[in-house]
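According to TrEMBL:
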ACT_SITE  TYR120  active site
ACT_SITE  ASP150  active site, proton donor/acceptor
ACT_SITE  HIS238  active site, proton acceptor
BINDING   ASN19, GLU48, ASP150, ASN152, ASP237, HIS238  Mg(2+) binding site
DOMAIN    18-238  domain 'Endonuclease/exonuclease/phosphatase'
SITE      ASN152  site 'Transition state stabilizer'
SITE      ASP213  site 'Important for catalytic activity'
SITE      HIS238  site 'Interaction with DNA substrate'
Amino acid sequence: MSRITNTSVLNNITVTGWNVGGLNNPTKRTRILCHLAKLKSEIAILQETHLTQTEASKLKQKRVGQVYHSSFNSKNRGVTILIHKKTSFVIQSSNIDIEGRYVIIEGLLYNEPIVIESVYGPNGDSVGFFSKLSTIFTEYSGKPIIVGGDFNSVFKPEMDRSEKPIPSDRASSAALNDFCKNMGLFDAWRLMNPENRDYTFYSNRHKSYSRIDAFLITQNVLSNVWSTDILNMVYSDHCPITLSFSPSTYFIKPSLWKLNNSLLANKKLVEFINTETQLFFEANEKSVNCFSTVWEAYKVTCRGWLISFASKQKRERAARMQKLTEVLSRLESAHKAKPKDDQIDTELMKVKLEVKDLLNKKQNLTCTD
């Protein structure tokens, strides 16, 4: 089998922030983890997980190597940081809130110091919450920091809401901005999109959008950031947000080709493999004296068949997903401009269901690593 040789390269790490709206349901939990894998997330910073400390341990599966969690109860709050099992992260200290509002970890990410925090801000008393957070953060002063969170507050009400500012914006926005100023934190998305309007949360009750989810980063992280994006809304009423940055030069780990067992559920593929296998051995079994040579040749050939079939499926799904994503993005933009338009809302819901169905089918095929 082919193996990638260890090579020193400058690579980007993808961090995903997401208010997932509860992970108690095993099916949803699997879908969320698979979607994070699709996004190639090395670090996931989650809010509203609604998991007890015991339940949070169930997140440590397949790709997830480390789980840091703050729980409140099985119906409210809960924040989590997930580290991919292949990501080099050595924990040095952690600060876990007993009320499920924040979890902070400090350690070495590919031998580079980093502080990572997941925050879920309250709907009320933002002033008290961010004041408390500022006090806690003083011990991390001067260190590279990434804060991912649902802050339940907007930075600029006139830019970060689709409708008019609400009465509580004045106090909550001031508290959030003061926290950032005092801690030397920058709103990554707004820095890269100074004039753009986009949102991360949709309130069905108020038929309005807001940007209350964000990455806050220090200057020493900002210089290494490549991109930050707000993605399509799936599985939750919050959009996933991503931050791509380069902590340092590090080594790619060896990687082996693995059979995706779900491919064998395709009857046409199985029939093709059976027929071609018979023909292969009829043509090659007596071509050399050593059968092991034929067997090794067959394994290489069969792997080629499987890779070719999987690639074709992937291209077809990608083309369909690209088309749906374009439609979804257009409808989301239209809905953000006119949140109360019932026709747009109906079309948007229909396309979201199609996207979710395609994502689910794809995850059933690919979520096997």
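Cβ coordinates come from backbone N, Cα and C, glycine included.
Automatic, uncurated: that is what TrEMBL annotation is.
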Mean pLDDT for the domain 'Endonuclease/exonuclease/phosphatase' (18-238), rounded to an integer?
92
For the recorded Mg(2+) site formed by ASN19, GLU48, ASP150, ASN152, ASP237, HIS238, which further same-chain residues have Cβ atoms within 8 Å of the site's Cβ center?
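Everything else in range on the chain: GLY21, GLN47, TYR120, PHE201, ILE212, ASP213, SER236.
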Please work out the number of neighbouring Cβ atoms within 10 Å of the Cβ of ASP213 (site 'Important for catalytic activity'), leaving out its own Cβ.
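The answer is 24.
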On a count of neighbouring CB atoms within 10 A, which of the binding-site residues ASN19, ASN152 is highest?
ASN19
Return only the integer: C-alpha distance in Å from HIS238 (active site, proton acceptor) to ASN19 (Mg(2+) binding site).
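ASN19 (Mg(2+) binding site) has its Cα 6 Å from the Cα of HIS238 (active site, proton acceptor).
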Tell me the Cα distance separating ASP213 (site 'Important for catalytic activity') from ASP150 (active site, proton donor/acceptor), rounded to the nearest angstrom.
4
Within 10 angstroms of the C-beta of GLU48 (Mg(2+) binding site), what count of other C-beta atoms is obtained when all protein chains are considered?
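There are 22 of them.
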Pop the Cα-Cα gap between ASP213 (site 'Important for catalytic activity') and ASN19 (Mg(2+) binding site) into the table, whole Å please.
8
